[in-house]
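Shown next, in structure tokens, is the structure this report addresses.
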Amino acid sequence: MNSSKSPGLAGFGVLKNTTCHMDKKISVFFSITFMTVGILSNSLAIAILMKAYQRFRQKSKASFLLLASSLVVTDLFGHLINGAIAVFVYASDKDWIRFNQYNILCSVFGICMVFFGLCPLFLGSVMAVERCIGVTKPIFHSTKMTSRHVKMMLTMVCLFAVLIALLPILRFRAYQIQASRTWCFYKTEHVEDWEDRFYLLLFSCLGLLALAISFLCNAVTGITLLRVKFKSQQRQGRSHHFEMIIQLLAIMCVSCICWSPFLVTMARIGINESRSKETCETILFALRMATWNQILDPWVYILLRKAVLKNLYKITRGCCGVHIVNLHMWELSSIKNSLKVAAISESPSSKQINLQPLSSVGQ
């Protein structure tokens, strides 16, 4: 019987020849600590984002906050579900044969690992695209990017991530218990079949593509904001844009640092037909790095808020005794002013309008 296609036996092939040895106490400590810190951090970030969502009624900021809240909620459930399964596996002394006779738990674990791995990356790229459209095409954003459209995009992203996670099950390919016997994922040991390699490459390529889209869109957004600021010398109307782009840049950096090792490792295993003896430890280290992404994401919204940044500016200015940045950039302003400034700067007639009329229109 082909073990890769048999749902009942597929998950146990790796248990006969385990090459990954870990300290059980350290591993349990990592799992419990990551789960606890992740749940607390994401819960705090959700409270902050929901409060901000109720305070800001502008369409531009509301759509961003809705996407950000969805990202944090996804991270929260990822820690809650995956962490609970991991702790249960440790509590059962990793005896998969006893509690996973039909490979049901391993399949659920693998589906959750893929879904909660790809979905935050997809949401991060969607947030970057949304901000890029909001800054470069504000009129289109205000008329087309409604709350209903944002919810539709969220639904499509989640359904696509679910489809990728269920693809092996639909193809009668069971998820595999990894060599550490603590988690389930695609087959990463002695990968010879083209379909097993395809799943690994699909996961890594989609993740790397999401990171590339985020980088490109954030770069365009940042350059556009700087050009408009230096061109019009407009001090108001862009504070919320700068706040959000700083948060997006932080999310992108965190995602690249945390996810790149795991995505590159999966791609390398998918390309190579066999794996080295160090692959188990490498995968486990990369997995823990990826887990840190879901812990650090909420702290981006907790720490990189306008109020916190203003306080940091005051502290830095008091310590250094110099004027670093203009505080007027962080002044509150309405979205109407921001849209008018951007629309006028993009129109052909703006070349014939000097700065004094532009300021009066923005006001």
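Note that Cβ sites are derived from N, Cα and C of the backbone, with glycine treated the same way.
Mean model confidence of the domain 'G-protein coupled receptors family 1 profile' (41-301) amounts to 84 (pLDDT, 0 to 100 scale). Annotation comment: TrEMBL describes 41-301 as domain 'G-protein coupled receptors family 1 profile'.
Residues or ranges marked as transmembrane segment by TrEMBL: 26-50 (among others). Packing against the transmembrane segment (26-50) from elsewhere in the chain are residues 65, 68-69, 72-73, 75-76, 78-80, 82-84, 86-87, 90, 180, 182, 288, 291-292, 294-295, 297-299, 301-302, 305: each is 6 or more residues past its ends and has a CB under 8 Å from a CB in it.
The feature transmembrane segment is assigned by TrEMBL to 62-90 (among others).
The transmembrane segment annotation in TrEMBL covers 102-129 (among others).
Annotated transmembrane segment per TrEMBL: 150-170 (among others), in sequence order. Within its own chain, the transmembrane segment (150-170) is flanked in space by residues 63, 66-67, 70, 107, 110-112, 114-115, 118-119, 122-123, 126, 130, 186, 199, 202-203, 206, which lie at least six positions past its ends and keep a Cβ under 8 Å from the stretch.
Per TrEMBL, the feature transmembrane segment maps to 198-226 (among others). Note on the transmembrane segment (198-226): residues 114, 117-118, 121-122, 124-125, 127-129, 131-132, 135-136, 164, 167-168, 173, 186-188, 191, 238, 241-242, 245, 248-249, 251-252, 255-256, 259-260, 263-264, 266-267, 269-271 of its chain, located 6 or more positions outside it, place their CB under 8 angstroms from a CB of the stretch.
Among the features that TrEMBL reports, transmembrane segment is placed at 246-271 (among others).
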Worksheet item: So what's near the transmembrane segment (62-90) in sequence-distant terms, Cβ-Cβ under 8 Å and 6+ beyond its ends?
Response: 24, 27-28, 31-32, 34-35, 38-39, 42-43, 45-46, 49-50, 52-53, 56, 96, 105, 108-109, 112-113, 116-117, 119-120, 123-124, 126-127, 130-131, 134, 145, 147, 150-151, 154, 181-183, 244, 247, 251, 294-295, 297-298, 301
